[in-house]
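According to TrEMBL, the features are:
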type	residues	note
DOMAIN	146-317	domain 'Helicase ATP-binding'
BINDING	Cys376, Cys379, Cys416, Cys419	Zn(2+) 1 binding site
BINDING	Cys385, Cys388, Cys403, Cys406	Zn(2+) 2 binding site
Amino acid sequence: MTPSAQVAVVVPTPAHSELHAPLTYTHDTPLPAGTLVRVPLGRRTVLGIVWDGAPAAPATATLRAVAEVWSALPPLDAGWRALVAFAARYYQRSLGEVALAALPPALRTLDAEALARRLARAPSPSGPTAQETPPALTADQTQALQAIESAMRPVLLFGATGSGKTEVYLQAAARTLARDPQAQVLVLVPEINLTPQLLARFQARFGASVVALHSGLTPAQRLRHWLAAHLGQARIVLGTRTAVWASLPRLRLIVVDEEHDPSYKSQEGARYSARDLAVVRAHHLAAAGCRVVLGSATPALETWHAAEQGRYQRIELPVRMGGAHWPTLRLVDLRQQPRGTLLAPPLRAALEARLARGEQALLLLNRRGYAPVIACGDCGWKSGCPHCSAYLVYHKRERALRCHHCGHAQPVPRACPTCGNVDLAPLGRGTEQLEEHVVQALAELRRPDGGPVRVGRLDADTARGVGALEQTLAAVHRGELDVLVGTQMVAKGHDFRRITLVAAINPDGALYASDWRAPERLFALLLQAAGRAGRDAAFTAAQGTQPELWVQTSQPDHPLFAALARHDYPGFAAQQLQERRAAGMPPFAHQALLRAEARQLEVALAWLQHAAACADDLPGRPQVTLYAPVPMTLTRVAGVERAQLLLESGSRAALQALLAAWLPCLHALRRTPAGRGVLRWAIDVDPLGY
Ligand code: ADP
Ligand code: ZN
Ligand code: ZN
């Protein structure tokens, strides 16, 4: 048959290939938009997606024919395509890059035959098989549920840890599924490994109609789950950031749990925010009645501000379930303690008293390893990474120095490499040292049953092995560990019954950080950590104790702590927003970064300078401030120097217009002498940290 129709096909394009429009191919019949196809591209055959709109006018060159049509698979629907198109536009990437990256990688390795075999094995559609009877909602929860069901705007569900938010998600999902026998629900969580209980709760409620989508799955599992969602067999998809791209033809409810969590922002590729895209996705589907709920005890200030302005509807769950007590804040002024104090005497006394009564404690230190650097006291040498502008972290048990940025590792030197002094000392402390210290300090202490105190550690090092994380968490649950030392990992959604004391050993680093979002992050972390204590009211009552949150700090007068003592997120947010407004920072301004990487810092900086000059006459420019290019805080990583240029505007539209017009200039600039030596460049819209 002679090919007669022309079709527009989106193909995978490398980040900066300048291929923005779909390519034109021929096929014997027109193909519906969203159809998956395989098409020739250069010498390869690649997966592509038939796209909306008329194909671009054919060039004089002969068009190539579509190689394979995956007609066994329903096309990706208009809602999905709208999401991808929006993301490509908003984050300034090519359609091909975003669209193909949004599909499970294993799909790209299939051909029509392999796909047909997979589909033959796919299970038949399953309705939710409820296994657990839901509890009756409280009055507050009922109100929240009703508000979600009638909301015309995104809903912010604001409630402390343990206030019953998850139960509201579960029942909102149940109602959505009951109303429409094909409806689908998307639940986004920051990290599935850290919240296995959430997945378990959804599965207990909805059985096999729940599938997970996250990076912990094998490529084959991921493909299977993706297909289940795409074919409508999965009614609930629970996943991390990337799950926002799942094909869900009958999507009617999106939940973003812990919506403030920075892990929703991708740090590579299109650098999208899954939280923001969830809101956009629901907006596109508003006519079909799709709702979106953002849940948090400490919403992102952007989200809080949107609720204050009425763009989002705020619903509050004001009390913790089961009468759980809020921990009392106890501050230790580190300025009154000897330098290098790990556990100040009052904290240590409180810890011992609680452990002796059979209670559990959580100690938080946001640095893994034994010490962040080792140094020579004679000549001042420090363990710098040969490839990065960062120190090598001392890992004592491994007897190694490790770079946490590039992965470089080396044995600990026996003597100072510059002066030969054999007396090298660790500076500062990490979780490994804290664990060692706690074990020593509590060696003589006995639990009520006469046994010794058992100390465990949870950080990226101990969680590395398969199942290691789950094992440690389960041990705390079963009461086999009395003290858990760890990084922020330990503050996440675990539901530990007997924990009555949570301590942040030294969170000050965050307050000195150059990142102006640091106080917001620290407040969220400490409030979340506090939420781990005293969750079981029956236990604390039987013990006759009050849960406590201890913070050791050199800045006890920081306004953050006053708000924390009152568990007053709204007060904290109001104060922060006032500062942000005065300083013209987000959410009162919109930002984007242009980043460049090169072997020499001057090359990166000079290129950014040229880039700034190119922006001069572009649309939107008068309303956008371009700051001078600067090296990034962590300038060198793995031998590459990194610099950036910040753009800021009160008008999102002006910033977007400028970026869109700027992109072709940047591509062109890359090919000029100024671009020589630039290894990579990227635009980051709504950057989170810099
Ligand atoms: P959050 O998600 O805000 O941390 P959860 O929904 O997990 O709160 O609720 C905290 C605890 O209270 C959980 O153990 C949950 O099973 C229980 N719970 C929540 N809502 C109810 C309810 N209406 N009746 C009884 N128990 C509830
Ligand atoms: Zn030395
Ligand atoms: Zn390094």
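All positions are counted from 1 along the displayed chain.
Heads up, the Cβ atoms here are built off N, Cα and C, so glycines get one too.
This view paints the features noted in TrEMBL onto the structure.
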residue : record                : contacts (Cβ under 8 Å, 6+ apart)
Cys376  : Zn(2+) 1 binding site : Lys382, Cys416, Thr418, Cys419, Asn421, Asp423, Leu424
Cys379  : Zn(2+) 1 binding site : Cys416, Thr418, Cys419, Asn421
Cys385  : Zn(2+) 2 binding site : Tyr391, Leu392, Cys403, His405, Cys406, His408
Cys388  : Zn(2+) 2 binding site : Cys403, His405, Cys406, His408, Leu634, Arg636, Val637, Ala638, Gly639
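Selection of the binding-site residues Cys376, Cys379, Cys385, Cys416, Cys419 by a Cβ distance under 6 Å from ligand 2 yields, in sequence order, Cys376, Cys379, Cys416, Cys419. Screening the binding-site residues Cys376, Cys388, Cys419 for a C-beta under 6 A from any atom of ligand 3 leaves Cys388. Other residues of the chain with a Cβ within 8 Å of the Cβ centroid of Cys385, Cys388, Cys403, Cys406, the Zn(2+) 2 site, are Pro386, His387, Ala390, Leu392, His404, His405, Gly407, His408, Val637, Ala638. Mean model confidence of the domain 'Helicase ATP-binding' (146-317) amounts to 94 (pLDDT, 0 to 100 scale). Counting every protein chain shown, the number of other Cβ atoms lying within 10 Å of the Cβ of Cys419 (Zn(2+) 1 binding site) is 11. Take the CB of Cys403 (Zn(2+) 2 binding site) and look out to 10 A: across all protein chains shown you find 21 other CB atoms. Taking the Cβ of Cys406 (Zn(2+) 2 binding site) as centre and 10 Å as the limit, one finds 17 other Cβ atoms among all the protein chains shown. A Cβ within 8 Å of the Cβ centre of Cys376, Cys379, Cys416, Cys419, the residues given for Zn(2+) 1, is found for these other residues of the same chain: Gly377, Asp378, Gly380, Trp381, Pro417, Thr418, Gly420, Asn421. Cys416 (Zn(2+) 1 binding site) has a Cβ environment of 19 other Cβ atoms inside 10 Å. In this structure, Cys416 (Zn(2+) 1 binding site) belongs to neither helix nor strand by DSSP; it is coil.
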